[in-house]
Amino acid sequence: MGTVVEAANKGANGSIPKKSPIVVFVLGGPGSGKGTQCANIVEHFGYTHLSAGDLLRAEIKSGSENGTMIQNMIKEGKIVPSEVTIKLLQRAMQESGNDKFLIDGFPRNEENRAAFENVTGIEPAFVLFFDCPEEEMERRLLSRNQGREDDNIETIRKRFKVFLESSLPVINYYDAKAKVRKIDAARPVEEVFETVKAIFASKNEKAD
């Protein structure tokens with residue numbers, strides 16, 4: 001696994017004298033609408049959308065040795081090490097042929113964040129934080145899945161609590177570096193995207 005990363009790094013330093021990729025972390029609780037907004041950003045600004053969860057699921061499905069290890073860890077209730085997720089993200093970035101990425105649902109916690117910067121040497125250009133009140137997220141998630149309400153509401157509240165406890169330190173860290181772009185995600189999708197567009201338009205002007 002290390003040799004793949006080494007080879008990729010050599011390629012980046014040697015044959016491709018390109019600047020390091022632009023990475024935007026996308027954070028938001030369950031039901032904050034970040035998936036929809038990521039799809040819009042991909043369409044309008046040419047970013048590649050990488051979801052850490054999707055990459056882990058795809059690796060498990062592939063039946064690779066790495067995938068089996070990930071599956072066993074999840075079965076045993078263990079947390080998949082940051083390095084494993086980061087290597088999957090790195091591989092997807094290299095295979096995409098793009099140099100602009102939305103990394104969705106990662107870093108989930110402070111340890112993920114530090115490991116990503118240590119392993120890749122990349123600091124995000126900024127963090128897109130879809131801020132949505134718990135009541136609004138609950139309303140959206142419950143209308144999306146018509147199951148037994150008590151179960152759903154319990155699960156949703158748990159997920160929201162976990163998101164707050166683990167992700168807030170990450171948001172605070174980048175906020176101190178003036179890298180957080182906080183978006184009021186309780187508004188209609190179109191309004192939210194107008195705000196997102198303005199953020200990416202100013203980013204592109206700076207990058208050009």
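Using N, Cα and C of the backbone, Cβ positions are placed for all residues, glycine too.
Taken straight from TrEMBL:
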type    : residues                                                                   : note
BINDING : GLY31, SER32, GLY33, LYS34, GLY35, THR36, ARG144, ARG187                   : ATP binding site
BINDING : ARG57, LYS78, ILE79, VAL80, GLY105, PHE106, PRO107, ARG108, ARG148, ARG159 : ribonucleoside 5'-phosphate binding site
BINDING : ASN112                                                                     : CMP binding site
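Features as recorded by TrEMBL, highlighted on the structure.
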residue	record	contacts (Cβ under 8 Å, 6+ apart)
GLY31	ATP binding site	CYS132, GLU136, MET137, GLU138, ARG140, LEU141, ARG144, ILE156
SER32	ATP binding site	PHE130, ASP131, CYS132, MET137, ALA185
GLY33	ATP binding site	PHE130, CYS132, ARG140, ALA185, VAL189, VAL192
LYS34	ATP binding site	VAL26, LEU27, GLY28, ASP104, GLY105, LEU128, PHE130, ALA185
ARG57	ribonucleoside 5'-phosphate binding site	none
PRO107	ribonucleoside 5'-phosphate binding site	PHE25, SER82, ARG113, ALA115, PHE116, VAL170
ASN112	CMP binding site	SER82, THR85, PHE106, VAL170
ARG187	ATP binding site	none
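Fewest Cβ neighbours within 10 Å among the binding-site residues GLY35, GLY105: this applies to GLY35. Between THR36 (ATP binding site) and ILE79 (ribonucleoside 5'-phosphate binding site), the C-alpha separation comes to 27 Å. ILE79 (ribonucleoside 5'-phosphate binding site) counts 12 other C-beta atoms within 10 Å of its own C-beta, drawing on all protein chains shown. On the backbone, the CA of GLY35 (ATP binding site) and the CA of ILE79 (ribonucleoside 5'-phosphate binding site) stand 23 Å apart. Of the residues the record lists as binding ATP, namely GLY31, SER32, GLY33, LYS34, GLY35, THR36, ARG144, ARG187, the two whose Cα atoms sit farthest apart are 17 Å from each other.
Take the binding-site residues THR36, ARG144: by the count of other Cβ atoms within 10 Å of each Cβ, the lowest one is ARG144.
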